[in-house]
Each structure stands twice: as structure tokens, then as C-alpha cells.
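**Q** Marked as domain 'Isopropylmalate dehydrogenase-like' by TrEMBL: 3-340. Annotation source TrEMBL lists substrate binding site at ARG93, ARG103, ARG131, ASP215. The site 'Important for catalysis' annotation in TrEMBL covers TYR138, LYS183. According to TrEMBL, the Mg(2+) binding site annotation covers ASP215, ASP239, ASP243. Positions annotated as NAD(+) binding site by TrEMBL: GLY273, SER274, ALA275, PRO276, ASP277, ILE278, ALA279, GLY280, GLN281, GLY282, ILE283, ALA284, ASN285.
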Amino acid sequence: MKKIVTLAGDGIGPEIMSAGLEVLEVVAQKVGFEYETQAKAFGGAGIDAEGHPLPQDTLEAAKSADAILLAAIGSPQYDNAPVRPEQGLLAIRKELNLFANIRPVRIFDALKHLSPLKPERIEGVDFVVVRELTGGIYFGEHTLNEASARDVNDYSADEIRRILRKAFDIARGRGKKVTSIDKQNVLATSKLWRKVAEEVATEYPDVTLEHQLVDSAAMIMITNPARFDVVVTENLFGDILSDESSVLPGTLGVMPSASHSENGPSLYEPIHGSAPDIAGQGIANPISMILSVAMMLRESFGLEEAAQLIETAVDKTLTQGVLTRDLGGQADTAEMTAAIIANL
Ligand code: NAD
Ligand code: IPM
Ligand code: MN
């Protein structure tokens, strides 16, 4: 019996978590996967319930879980609060050592016409953003004074090496090309990043390494995204570029992710946030959460068939023209979820 800790969080989080768990239940029955879920307070919901965005019992449950599903956190009500929901997100990533955040980018055939990019530009787009998740400027010293402020960007060679190895390992199983993105024309951390990337590349003679400065990489992601296979980059650049990549399929609402440590439980979450602008209306696109469930089944439980069942059902549903509002349709969260389950 596998234990899955669920962190629904804030905003649209609870709405899409329910959708993901409904799909999980149906697939589990089909493939005979036995699991139990344990819902825990997290983010703004953690602050409200226990005064902290990552309550101690939530952290302990997560540490002893076989996998963790997280929906989304954050709410404007905490914008000026002393403790913010986002701190819980950074804390769980750090506490569980979830250094490797994998954000796949693929185009759904049925959504091609919805992409703001010309069809010839998105043809053949299929890449993975490998984002370093427990280092860099997110976790350096932050000082805010009245008339000055500073944020420190720190990386050790070891931190860079392990995320580069992760990227090369993933590239080995697909297009055998790694694009390492940095700002080595300015930043010391990027100079070290590039040096370590070169060293790691010698361990993988079958994989090609190319370097790209982050500013021009942002441009290429829109003008020639089919050029990428595996993109690897530091925490902040990965945050920005992965949201940019959601323009290719047409919405953040279809973008899942997996975060891995060296050997502890992995965490699966959409790349988007709590979408306060549409929260509570039942209209969020649940596909990002549902595909995160598929990633969990594949990567934490080795259930390739179950993952594919979900991915195929999502494809089929989109092909049938069931589209949420972010995709230009009228389906609500419940209708989209029901259609996916019907296709299962
Ligand atoms: P966001 O990702 O929440 O929303 C950006 C836009 O995308 C909004 O217009 C939203 O409606 C839309 N969107 C996002 N997910 C959608 C979905 N599933 N279906 C349909 N539309 C969707 O980003 P934001 O508005 O900049 O941030 C809102 C809050 O979320 C902030 O507090 C932020 O810190 C937090 N956040 C949390 C996470 C996380 O939990 N991992 C990630 C990003 C942002
Ligand atoms: C994400 C989010 C988080 C990040 C925020 C909410 C702290 O944007 O998961 O991409 O910046 O990592
Ligand atoms: Mn982000």
C-alpha cells in the first residue's frame, strides 16, 4: 500500500487536486494500484490552520510518504503578511532536497491551432526543462532595508554537477542533446556553471552539450523551440523560462512537473500557481494536475501503463474539443475531468 501525501493548498489548488485524485482513483482500479492518500495543510491553508505554511506534521508526513502531490499555493491576502505561503513551498523543496525539477513541454495535436505561434514554429516541439530547485538566488541571503536591498546568488560546484548529471541522464533517454542556459558573460555563478557543465559532458560522450545565454535562450524558445531537447538551468532562470514555455502549448493549465531528490520521495505539481483571478469558480484547467498524477505513477511507482492511460485520455479529450476557458472553450473543471475519466 503506497502512501501519497496530498497538499491542495490555495486558490484553484483544492479544485484541481480533487480532479487529479478522481482520475488517480479510476486508473488505480484499472491497473490494480493500491494506495492511500493523506491530505495535509500547506501554504496559505497551513498558515490559517496552524500558523505556518509548512506545518511540522505536514513536513513529517511528506518525509515518510512514497510520493507527494501538490496543487498550488499563494493568495493576494498574504501579500504583506510576515509569513507567506511561498515560504512553505521553498521550505518543502529544501527539506526534502528536491533539487531536480523536471518540466516537460509538449504540444498537443488538438491544441496546435490555439498556440499563439505559427504552426511551423511549434512543429516537432518536444523538450524538457530541468530546473535546479534548491539553490541559487532563491536560497541565498535576502536583505531588505529602507533604501537598499540585496539577494545573494550562491552555487557550489557539487550542486551544479548533480543537476547537470540529471539533465544528461534524461537526454540519454531521448534526443541526446543538452542545452545549458546561463549568463556567463556577467555572472560568476554562471561561469562556474559552464565549467562544470563542460566537465560533466565528458562523462556522457554520447550526448551533445551546447551553451546558450539566458537572454537569447528566451528568444529561441519562441522563434525556434524545436531546437531544444533537454534544457538545464539554474533556479531563477528555470522558473522564468518554464512559464515562458507554456506559451507553446497555449496555456499554463496543461503543464505538469516532477521534483526529485537523490533518494527520498518525489513531489509532483503543476508549474503554475493558485490563479487567484479564477479561483473558486470551478473553471480551472485540471490537466496540469492530472498530468502530474501521470508523472507520479510513472516516475515514483514505475506504472508506465497507468501513466500512458492518463496521457492518452487527455489527448483524446482535447481532440474531442472539450476545452476549458484558458483554451478558448467553455468546459468547467468538472466537465473536463469527467470527459477525461470517460475516455479512460
Ligand atoms: P499563476 O500561475 O497562478 O497564474 C497565471 C495565469 O495563468 C492566471 O491568469 C491564471 O488564471 C492562469 N492559470 C494558471 N493555472 C491555470 C489553470 N490550471 N487553468 C486555467 N488558468 C490557469 O501565477 P500568478 O498569478 O503570477 O501567481 C498567483 C499566486 O500563485 C502567487 O501567490 C504566486 O506566488 C503563486 N504561485 C504558486 C506556485 C506553486 O504553487 N507552485 C507557482 C507559481 C505561482
Ligand atoms: C514555481 C513558483 C514558485 C517558484 C514560487 C511560488 C515561489 O513560481 O513553482 O514555479 O518561484 O519556484
Ligand atoms: Mn514559477
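Count begins at 1; order follows the chain as displayed.
Just so you know, glycine gets a Cβ as well, placed from its N, Cα and C.
Automatic prediction, not curation, is the source of TrEMBL annotations.
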**Q** Pop the mean pLDDT for the domain 'Isopropylmalate dehydrogenase-like' (3-340) in here, whole number is fine.
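**A** The average pLDDT of the model in the domain 'Isopropylmalate dehydrogenase-like' (3-340) works out to 97.
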**Q** By a simple count of other Cβ atoms within 10 Å, which of ARG93, ARG103, ARG131, the binding-site residues in the record, is least packed?
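**A** Result for the binding-site residues ARG93, ARG103, ARG131: minimum number of other Cβ atoms within 10 Å at ARG93.
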**Q** Could you tell me the C-alpha distance between ARG131 (substrate binding site) and ASP277 (NAD(+) binding site) in angstrom, no decimals?
**A** 27
**Q** Using a 10 Å cut-off on Cβ-Cβ distances across all protein chains shown, tell me which of the binding-site residues (GLN281, ASN285) has the largest neighbour count.
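**A** Buried the deepest by this measure is ASN285.
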**Q** Of ASP239, ALA279, ILE283, listed as binding-site residues, which ones have a Cβ less than 6 Å away from ligand 1?
**A** none
**Q** Looking only at ALA275, ALA279, ILE283, which of these binding-site residues has the biggest number of Cβ atoms within 10 Å around its Cβ?
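**A** That would be ALA275, with the highest Cβ count within 10 Å.
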**Q** With a radius of 8 angstroms around the mean position of the C-beta atoms of ASP215, ASP239, ASP243, what other residues of the same chain does the Mg(2+) site pick up?
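**A** For the Mg(2+) site the neighbour list reads VAL214, ALA218, LEU236, PHE237, GLY238, ILE240, LEU241, SER242, GLU244.
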**Q** So among ASP239, GLY273, ALA275, ASP277, ALA279, all listed as binding-site residues, which is physically nearest to ASP215 (substrate binding site)? Use the C-alpha atoms.
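**A** Nearest listed residue in space: ASP239.
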**Q** Report the recorded positions (LYS183, ASP239, ALA279, ILE283) that meet this criterion: Cβ distance to the nearest atom of ligand 3 under 6 Å. Use sequence order and write none if nothing qualifies.
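**A** Close enough to ligand 3 are ASP239.
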**Q** What residues, ordered by sequence, lie under 8 A Cβ-to-Cβ from LYS183 (site 'Important for catalysis') and sit at least six positions away in the same chain?
**A** SER190, LEU213, VAL214, ASP215, PHE237
**Q** Hey, what's the Cβ neighbour count for ASP243 (Mg(2+) binding site) at 10 Å?
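**A** Excluding its own Cβ, the number within 10 Å is 16.
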**Q** Taking ligand 2 as the reference, state which of the recorded positions ARG103, ARG131, TYR138, ASP239, ASP243, ALA279 have a Cβ closer than 6 Å to one of its atoms.
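**A** If the test is a Cβ under 6 Å from any atom of ligand 2, the answer is ASP239.
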**Q** Taking every protein chain shown into account, which of the binding-site residues ASP215, ASP239, ASP277 has the largest tally of Cβ atoms within 10 Å of its Cβ?
**A** ASP239
**Q** Report the nearest neighbour of ASP239 (Mg(2+) binding site) in space among the recorded positions TYR138, ALA279, ASN285, comparing Cα positions.
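**A** So, of the listed recorded positions, the one sitting closest to ASP239 (Mg(2+) binding site) is TYR138.
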